[in-house]
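J.: The annotation Mg(2+) binding site is assigned in Swiss-Prot to ASP487, ASP493 on the grounds of sequence analysis. Residues or ranges marked as domain 'KH' in Swiss-Prot: 554-613. If you look up Swiss-Prot, you'll see 623-691 marked as domain 'S1 motif'.
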Amino acid sequence: MFANPVVKSFQYGNHTVTLETGVIARQATAAVMASMDDTSVFVSVVAKKEAVPGQDFFPLTVNYQERTYAAGKIPGGFFKREGRPSEAETLTARLIDRPIRPLFPDAFKNEVQVIATVVSINPEVNPDMITMIGTSAALAIAGIPFNGPIGAARVGHINGELVLNPSNTELENSKLDLVVSGTEGAVLMVESEADNLTEEEMLSAVVFGHEQQQVVINAINEFAAEVATPAWDWVAPEENTVLNARIAELAEAKLVEAYQITEKMTRYDRIHEIAAEVNEVLVSENEDVNLKEVHTIFHDLEKTVVRRSIIAGNPRIDGREKDMVRALDVRTGVLPRTHGSSLFTRGETQALVTATLGTQRDAQIIDSLMGEKKDHFLLHYNFPPYCVGETGFVGSPKRREIGHGKLAKRGIQAVMPSIEEFPYTVRVVSEITESNGSSSMASVCGTSLALMDAGVPIKASVAGIAMGLVKEGDDFVVLSDILGDEDHLGDMDFKVAGTNEGITALQMDIKIEGITKEIMQIALNQAQGARKHILKVMDEAISGAREEISEFAPRIHTMKISSDKIKDVIGKGGAVIRALCEETGTTIEIEDDGTIKIAATEGAAAKEAIRRIEEITAEVEVGKIYTGKVMRIVDFGAFVTVLGPKEGLVHISQIAEERIEKVADHLQVGQEVKTKVLEIDRQGRIRLSIKEANAELNPAPAAEAKDAE
């Protein structure tokens, strides 16, 4: 039934990788089942044979989805099925998209959709690497124009050694989590989180990962040769040299002048005017001119003008030299009621960042295929349309916002205190209020400042910088602190975050081949100088965490009780702890080892909660007098509380000196009385006496007189 199934297996580090096609999803343009040990991902590629007429962009979509059946689970929630992509799924989709997008020809505008579905999971093998490998293999056998294949590798740094594709357990002890992807001859994408590694160590890891993934690239080439899919009969449309020359004649000199304007919005207005003038002239010359084609050529001309100027050694768009950082303005404590806040401005990029402290109950529970975990540090990045002077839809975060937030979090994670050192859940929100390049790195700087303002004892200040590259032939220029235009028109986006000691995060997206190790070394060294300059300015504003957290933040007080007393503090059905929280206005969390954390905005409330817990957990002593409340009245006596919720029985004979007929004549429910503990039997039942407590506290006058005689 299955005509030509093709299977390719190879060893990749400590893992066995298998690529298989020809059995599943045979109506797709290409489909591959990719496995790394017991982690399997099914990848399909569908490409439309024709592009939409007049379409001026490349509609590539990458969908990554994790199925819970892969881990032998049933989804939680009411609907019992997978819903919208999680944050982790979105980040993995971006990880796949970034290295493959630049490998499609610029003129190829046919719609392409990649769908990757995790169908089996080994908790020790993260599915992202095999997904990237499977995607590369599927594109390689699809027959569509694609300048691949790519490889992918995860690199760890454990005990001073670089480790290829470490397991999830090994990653827990690694100072580095780096993903690198590229073709046979070039690195295209790097995504990493590090614990203050040096520039040399980071570069070595990138080179190591690229060298190791050559095994993958060779295997995919052999796999594609065996499948032998015919290549599409697609030829890039011929360049319209006449229109190119006419637009250059009309606009080139004006664009050179426009790019001397240093203020972003004024420059944009002038460029739009030039574009409108060009359109007007061309339409007057030919009513049938394709304005979308004109727009594309005009944009390419802009790119040429800017790149030529930079390569020639001229000042950049905003007048800076290649290694200059824009003017900085750093402020902390800008919002009165937040727990911590900062306003970080770098040129025309600005981030308003807040830090909020919560209890461990506020931690985010992440239920992934590889198990459940709690995240006590949250960082959310928002990019509203007004930050670039535009109108637009405001709603749930887009892929870009999720990706930028994750990058900023990676940059800060290495300096965050452990939950034992600082028992708070911390949420940071970065609102980008102005943007002209490098807003994610502004978020890193703003986050570091806001955390210190909130009193979070981070280990060191962290700053981030975005680097760019313009390369023409053998000539190249590395740019520090790139503008949005330089990012868009350049060949590389290279973001580095770190402390004065080393790098904490590195993200790199390269649009061209030929980026050598030497170029990356220059970029890293130049980024180090820029990072240290920013850190110096930040340290002048605030150089360490404030000694006291905000008066509006909850104070967390920790106490320890015996684990066998936990049930007493919780009470039947949680009644005791619920009453404690409500009556004292605190939040109380109890751990299995007996550690209790009490969160309160007022010290008096915390003290009262501690007093009551101590009372509940204290041992009742025979012969001691306690104050309690009458809880129930029965014919033979009354039940009275001792040390919080504990109850003891006051027999009717122990209520008063004289004989009484009815308990209700002497006691009422809710009445506060003092009792003396007479006995605690083997079953823990407590026998109390009001009579003896009164006798001890208020000796009779007759007895006193007798003693005097």
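Backbone N, Cα and C define each Cβ position, glycine as well.
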J.: Just counting, how many other CB atoms are there within 10 A of the CB of ASP487 (Mg(2+) binding site)?
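T.: I count 18 other Cβ atoms within 10 Å of it.
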J.: Where DSSP helix means H, G or I and strand means E or B, what are the helix, strand and coil counts for the domain 'S1 motif' (623-691)?
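T.: Tallying H, G and I as helix, E and B as strand, the rest coil: 8 helix, 33 strand, 28 coil.
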J.: Can you see whether DSSP assigns ASP487 (Mg(2+) binding site) to helix, strand or coil?
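T.: DSSP call for ASP487 (Mg(2+) binding site): helix.
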J.: Give me the non-local Cβ neighbours of ASP493 (Mg(2+) binding site): same chain, 6+ apart in sequence, Cβ-Cβ under 8 Å, ordered along the sequence.
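T.: Once residues fewer than 6 apart are set aside, ASP493 (Mg(2+) binding site) is near ALA466, GLY468, ILE482, ASP487, GLN507, MET508, ASP509.
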J.: By DSSP, what is the split of the domain 'KH' (554-613) into helix, strand and coil residues?
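T.: Once the DSSP states are binned, the domain 'KH' (554-613) shows 32 helix, 16 strand, 12 coil.
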J.: For ASP493 (Mg(2+) binding site), what is the secondary structure by DSSP, using just helix, strand and coil?
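T.: SS state of ASP493 (Mg(2+) binding site) = strand.
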